[in-house]
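Peer 1: Take this structure first; my questions come after.
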Amino acid sequence: MKHKIAQVRAYTTRGKGADYHDQSGYHWIDDHIATPMSAYPEFRQSRQSFGINVLGTLVVEIEADDGTVGFSVTTAGEIGAWIVEKHLARFLEGAYVTDLERIWDQMYRSTLFYGRRGVVLNTISGVDLALYDLLGKLRDEPVYALLGGPVRDELTFYATGARPDIAQQLGFIGGKMPLQHGPAEGEEGMRKNLEKLADMRERVGEDFWLMYDCWMSLDVDYSVRLAHRAAEHGLRWMEEALIPDDYWGYAELKRRAPEGMLITTGEHEATRWGFRQLLETEVDIIQPDVGWCGGITELLKISAMADAHGTMVVPHGSSVYSYHFVVTRTNSPFSEFLMMHETAEEIVPMFSPLLLNEPVPENGKLKVPDTPGFGVELNPDVERIRPYSH
Ligand SMILES: C[C@H](O)[C@H](O)CC(=O)C(=O)O
Ligand SMILES: [Mg+2]
């Protein structure tokens, strides 16, 4: 039976959740990490000081005409809730749940005059993910089955956090650390970056992957110098070295990087058009975030394009939303797990405490559960508000 969409609702929550930078107290994720704002000394120590956590979490709920509810969470907060309620809901209510392509296209085209990237695409992604969750629940199938079924039995993970040495003990295949010092911190910062890497290499031995996440903080010259010196310590990849708009810089960095070191980026890129530009730079791995790049509907297109280009797709974070995708693609051979424990020493579900039943890797592996939709539920104990309605 074909179901229609009865109602769309948007909520916000604060603290942790899908806005995983919205942590309180000490957390490695906010401890002197290099960013584009590191050029300004007063914003170096904490990313929250420049507002990395201003958005908060957006929860999108979509209810079908039989009362079944699909939902998703992403980073977009109150702005996203406004966009859903005041603009996007009109393209969903009354449409068939299966109208995924038309709904996506209408959301994208109708927001072009203020959208294309950033929070608007995060919001469109949230709606798309909630629709997939709803479709899975209505069909009593996991989302990965809607995407063509798994190509492997379980996922393999690397961990992102301050403690790759602990990640190694926990069974991950590699550890990605945040780069802490940017170009404005000069030679001393460069030395500290290299010392940290050398120390971690010493702890984990030769074969364990070590990567640096540069979170858009560098320029081409600094990246090339860091890459060549980091190659001596076996750095596996250098991630998001440059601002996302500098496609020409990524092409140059790829040309000048040491042989064998992978250049990766893409978590702040969106849509097939943005990723087409990125693929033309010849970076080695693209890292779309399914909650930000346009959702599953768009990620399918991005991934097919990357596959034809011979480029791996290793989605950024995004927990169950990327797990259901990655398990269906041969050109996504492994996954990221973001360590949300404050010192990155224990496994904590990425969107904790917002979701119930959020699966986590055990010994670096995960069999994606076959529960309907994305297989998670909203935790009723987390307070959420509906700031707008239509
Ligand atoms: C650790 C990074 O700075 C950021 O917080 C997360 C990220 O970019 C990633 O997981 O990749
Ligand atoms: Mg990253």
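These residue numbers are counts, starting from 1, taken along the chain as shown.
Quick reminder: no glycine exception, Cβ is built from N, Cα and C everywhere.
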Peer 1: Could you look at Glu154, Glu185, Glu239, Glu298 and say which one TrEMBL places alongside Asp213, Glu267 in the Mg(2+) site?
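Peer 2: Candidate in the recorded Mg(2+) site: Glu239.
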Peer 1: Of the residues Arg44, Arg47, Arg384, only one is listed by TrEMBL in the substrate site with His21, Glu336. Which is it?
Peer 2: Arg47
Peer 1: As a check: which entries in Asp213, Glu239, Asp289, Glu336, the recorded positions, place their Cβ less than 6 Å from an atom of ligand 2?
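Peer 2: Cβ under 6 Å from ligand 2: Asp213, Glu239.
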Peer 1: Can you tell me the CA-to-CA distance separating His21 (substrate binding site) and Glu267 (Mg(2+) binding site), as a whole number of Å?
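Peer 2: Cα-Cα, rounded: 14 Å.
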Peer 1: May I ask you to report the DSSP-based helix, strand or coil state of Arg47 (substrate binding site)?
Peer 2: coil
Peer 1: Other than Asp213, Glu239, Glu267 themselves, what residues in this chain have Cβ atoms within 8 Å of the centroid of the Mg(2+) site's Cβ atoms?
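Peer 2: Along the chain, the qualifying residues are Thr160, Lys176, Cys214, Trp215, Glu240, Thr264, Thr265, Gln287, His316.
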Peer 1: What whole-number Å value do you get for the CA-CA distance of Asp213 (Mg(2+) binding site) and Arg47 (substrate binding site)?
Peer 2: 15
Peer 1: Looking only at His21, Arg47, Glu336, which the record lists for substrate, tell me the maximum pairwise CA distance in angstrom.
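Peer 2: Spelled out: the longest distance between any two Cα atoms in His21, Arg47, Glu336 is 21 Å.
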Peer 1: So, by DSSP, how many helix, strand and coil residues make up the domain 'Mandelate racemase/muconate lactonizing enzyme C-terminal' (164-260)?
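Peer 2: The counts are 50 helix, 15 strand, 32 coil.
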